[in-house]
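K.L.:
Pasting a structure below so you can have a look.
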Amino acid sequence: MSLNWSSKEQKTQNQPSAAGQKRARNDATGNKVTVVLGAQWGDEGKGKVVDLLATEADIICRCQGGNNAGHTVVVDGKEYDFHLLPSGIINTKGISLIGNGVVIHLPGLFEEGDKNEKKGLKGWEKRLIVSDRAHLVFDFHQVVDGLQETERQAQEGKNIGTTKKGIGPAYSSKASRIGLRVCDLLGDFNDFSTRFKNLVHNYQSMYPSLTVDVDDQLKKLKDFAERLRPMVRDGVYYMYEALHGPPKKILVEGANAALLDIDFGTYPFVTSSNCTVGGVCTGLGIPPLNIGDVFGVSKAYTTRVGIGAFPTEQLNAVGELLQTRGHEVGVTTGRKRRCGWLDLVILRYAHMINGFTAIALTKLDILDVLDEIKVGVAYKLSGKRIPHFPANMDILHKVEVEYETFPGWKTDTSAARKWNDLPAKAQSYIRFIENHIGVPSMFDTKISNLQTSVSTGVQRLTINVV
């Protein structure tokens, strides 16, 4: 998770070269960040993986999205729900960072922190750093989100199925260069107030029914600003110092997932940010050279919230069983998740984009009761295999899935903590997944140790995420 640096190497890296001399190339680029990303449509169990890794991390970062994300972590019998805070905030010895690529709804941030504090999350405000370049989500962004969904339903007969948390409108404000950032809120408040009023007017011109109590909102924002101020840092400088200072273990937890990425997901039924590995660099202000391990997280089957193409969806008893046994209800929305067989086409596609070091396969035990288990291995269009994941959603709706069928293991695997604890048929299922996408799985008792062993010529990261 980190690159060990000697003090001599550190000094060489930071010391300017003598005048007229060419600086010698130093292949030591600083500490590496370990990245955890969703490999499907979200809800894969990233929070569990991050929480296990975060126990030994020095810094835990969020780089994109907002409180449309939902991670549930259970510690000592207490269940914590995180939407905007990095779920690594539970680690009392680490620092959690909300990067510039995140859009922040301040009422939601403090409500979430206070709610979890009542459950036992103590001192979280002292362990949280917020980038001064992060954009703000306002209450009216959330109202606009709902208005846009209603408008889509009326005009097209369908909506995107957003969380109505204002994420899309906030990123739209950012891209239109009319958004407001944390540094604006903490700067000249008179100037901030003027720009806030202009932003409200901009949206009211598009949505005449939108009403905003500007004075009340500004009063609340001024109060939030003072509570937020001690947490704010220049995020780029903070990360640079962390990367090029003493050895540190730095963890980045992605929100949402590859198939919800604004560029690479099942557009337009996607989120509004880059939730693939490129978003780590732009959302934290760090170079690609400092990206270390990239762990993809996938369920042993597939789920999706909201509408949009879902080739392996099972609208039958199998889908109902997966939904019931897996307790498949969205943390953020409370909506039931659609369920289906594992789709290796989308996992392979996610690996193409992210370059996964390993795949964390979660909820394997949900499959324990099945007599047979299917895995989608290819898409066909007009009877012919297509070698890529379709960009066009009309085409994706038309594809026929080619399946491989495996015998069920009919054994309880919920207590399995090591590879050898799994029945042979479950091992075969996992090995097929590894071989098909070309990425080893993660499986063992202590994820933070990242113990490795060699199996059939492939480095197997042995980590428990079942």
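Going from the start of the chain as shown, residues are counted 1 onward.
Backbone N, Cα and C define each Cβ position, glycine as well.
TrEMBL lists these features:
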- 1-18: compositional bias 'Polar residues' (COMPBIAS)
- Gly42, Asp43, Glu44, Gly45, Lys46, Gly47, Lys48, Gly70, His71, Thr72, Arg337, Lys363, Leu364, Asp365: GTP binding site (BINDING)
- Asp43: active site, proton acceptor (ACT_SITE)
- Asp43, Glu44, Gly45, Lys46, Asn68, Ala69, Gly70, His71, Thr163, Arg177, Asn256, Thr271, Arg335: IMP binding site (BINDING)
- His71: active site, proton donor (ACT_SITE)
- Lys174: active site (ACT_SITE)
K.L.:
Taking the Cβ of each of the binding-site residues and counting other Cβ atoms inside 10 Å, which one has the highest number: Gly42, Gly45, Gly70?
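P.N.:
In terms of Cβ crowding, the pick is Gly42.
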K.L.:
Give the residue from the binding-site residues Asn68, Thr163, Asn256 that has the most other Cβ atoms within 10 Å of its Cβ, counting over every protein chain displayed.
P.N.:
Asn256
K.L.:
Excluding near sequence neighbours, so keeping only residues 6 or more apart in the same chain, what lies with its CB under 8 A of the residue listed as 'active site'?
P.N.:
Val103, His135
K.L.:
If you measure C-alpha to C-alpha, which of Lys48, Arg337, Leu364 (binding-site residues) come within 10 angstroms of Asn256 (IMP binding site)?
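P.N.:
Close binding-site residues: none.
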K.L.:
List which of the recorded positions Asp43, Gly70, Thr163 have their Cα within 10 Å of the Cα of Arg337 (GTP binding site), in sequence order.
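P.N.:
Those near Arg337 (GTP binding site) - Cα within 10 Å - are Asp43, in sequence order.
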K.L.:
Among Gly70, Thr163, Arg335, Leu364, these being the binding-site residues, pick the one whose CA is nearest to that of the residue listed as 'active site, proton acceptor'.
P.N.:
Gly70
K.L.:
Within 10 angstroms of the C-beta of the residue listed as 'active site, proton acceptor', what count of other C-beta atoms is obtained when all protein chains are considered?
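P.N.:
Taking all protein chains shown, the residue listed as 'active site, proton acceptor' has 27 Cβ neighbours within 10 Å.
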K.L.:
Could you round the CA separation between Lys48 (GTP binding site) and Gly70 (IMP binding site) to a whole angstrom and send it over?
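P.N.:
Counting only the Cα atoms, the answer is 12 Å.
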K.L.:
State which of the following binding-site residues has the fewest other Cβ atoms within 10 Å around its Cβ: Lys48, Arg335.
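P.N.:
Counting other Cβ atoms within 10 Å of each of the binding-site residues Lys48, Arg335, the minimum falls on Arg335.
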K.L.:
At its widest, how many Å does the recorded GTP site span between Cα atoms of Gly42, Asp43, Glu44, Gly45, Lys46, Gly47, Lys48, Gly70, His71, Thr72, Arg337, Lys363, Leu364, Asp365?
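P.N.:
Spelled out: the longest distance between any two Cα atoms in Gly42, Asp43, Glu44, Gly45, Lys46, Gly47, Lys48, Gly70, His71, Thr72, Arg337, Lys363, Leu364, Asp365 is 22 Å.
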K.L.:
Which of Lys46, His71 has the fewest nearby Cβ atoms, counting only those within 10 Å, among these binding-site residues?
P.N.:
His71
K.L.:
Want to know which binding-site residues, from Gly45, Thr163, Arg335, are within 10 Å of His71 (GTP binding site) at Cα; which are they?
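P.N.:
If one measures from the Cα of His71 (GTP binding site), the binding-site residues that come within 10 Å are Gly45.
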K.L.:
In whole Å, how far does the CA atom of Arg335 (IMP binding site) lie from that of Gly42 (GTP binding site)?
P.N.:
13
K.L.:
In Å, rounded, how far does the Cα of Thr163 (IMP binding site) sit from the Cα of Gly42 (GTP binding site)?
P.N.:
13
K.L.:
Count the other Cβ atoms sitting within 10 Å of the Cβ of Arg337 (GTP binding site), across every protein chain shown.
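P.N.:
If we count other Cβ atoms within 10 Å of Arg337 (GTP binding site), we arrive at 22.
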